[in-house]
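A.B. asks: For reference, TrEMBL lists these features for the protein:
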ACT_SITE  Lys65  active site, proton donor
BINDING   Asp14, Lys36, 63-72, Thr123, Arg184, Gln193, 213-214  substrate binding site
DOMAIN    8-229  domain 'Orotidine 5'-phosphate decarboxylase'
Amino acid sequence: MNQLTDPKVVIALDYDDKQQALAFIEQLDPATCRLKIGKEMFTHFGPEFVQQVVAKGFDVFLDLKFHDIPNTVAKAVKAAADLGVWMVNVHASGGRRMMEAAKAILEPYGDKAPLLIAVTVLTSMDQSDLTELGINLTPAEQVKRLATLTKSSGLDGVVCSSHEAEELKVLLGASFKLITPGIRPAGSDAGDQRRIKTPKQAIDSGSDYLVIGRPITQAADPVAVLNDINASLS
Ligand SMILES: O=C(O)c1cc(=O)[nH]c(=O)n1[C@@H]1O[C@H](COP(=O)(O)O)[C@@H](O)[C@H]1O
């Protein structure tokens with residue numbers, strides 16, 4: 001596979017077995033993808049695993065979706081920066097003061113600071129989930145509200161569904177990053193995701209990075225699936 005200058009695919013490493021995860025990573029080239037370490041692996045294997053993956057040359061998105069009081073979230077974001085990750089996230093619903101504190105603590109890192117992004121509405125949620133939470137907006141309206149708040153709090157981008165990407169790019173500008181999970185190559189199983197698109201559709205809609213887990217990690221030939229996705233984007 002050709003080296004990519006800015007790989008778009010961020011593979012979600014949702015494994016409960018470290019050796020299996022490492023065997024999977026061994027097949028990959030950091031020039032063709034980035035890797036996401038989320039709550040499952042971090043809770044099992046901790047910061048050492050993150051450092052191990054960073055040391056292999058991969059850009060790591062540490063997806064711990066922090067949501068707490070401003071001081072606690074800022075210190076957690078600083079701890080993530082000290083691990084050398086490429087991107088880290090918080091929940092936008094934690095509010096402006098929480099996001100501003102998280103951004104401010106990264107200032108001393110200068111251009112070594114990780115990208116700081118916020119989760120808007122989870123891609124597994126639909127209208128009925130929001131209604132049950134007392135939010136009387138459509139998922140798209142709620143995403144727009146939280147993404148606007150995220151940008152005005154000084155963060156670098158948001159996690160959202162690719163269904164919202166087109167409108168958010170226009171509203172928030174080209175440099176505000178849109179990271180979209182809920183990506184399914186044609187013919188693959190949607191699983192628990194609700195608002196999905198194919199990789200090509202998502203990039204065409206304005207997504208900057210595609211978070212893809214099971215369609216790659218559970219494929220018989222994960223590298224072939226990754227190569228096909230990258231080829232579909234070039
Ligand atoms: O922050 C995330 O990465 C995330 C946000 C969201 O709204 N939806 C979502 O699916 N994710 C993550 O994206 C990954 C999607 O994995 P697959 O559904 O297997 O492709 C999982 O690791 C989720 O935790």
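Cβ from N, Cα, C; glycine included.
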A.B. asks: Are there any residues at least 6 positions away along the chain from the residue listed as 'active site, proton donor' with a Cβ closer than 8 Å to its Cβ? List them or say none.
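C.D. replies: Set apart from the residue listed as 'active site, proton donor' by at least 6 residues yet with Cβ under 8 Å, we have Lys39, Asn89, Val90, His91, Val119.
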A.B. asks: Which secondary structure state does DSSP assign to Gly213 (substrate binding site), in the simple three-class scheme?
C.D. replies: coil
A.B. asks: Could you check what DSSP calls Pro70 (substrate binding site) once collapsed to helix, strand or coil?
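C.D. replies: Its secondary structure by DSSP: helix.
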A.B. asks: What same-chain residues, at least 6 away in sequence, bring their CB to under 8 Å of the CB of Gly213 (substrate binding site)?
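C.D. replies: Correct list: Ile11, Ala12, Leu13, Asp14, Lys36, Pro181.
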A.B. asks: Considering only the binding-site residues Asp14, Leu64, His67, Pro70, which possess a Cβ situated under 6 angstroms from at least one atom of ligand 1?
C.D. replies: Asp14
A.B. asks: Within 10 angstroms of the C-beta of Pro70 (substrate binding site), what count of other C-beta atoms is obtained when all protein chains are considered?
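C.D. replies: So the Cβ neighbour count for Pro70 (substrate binding site) comes to 18.
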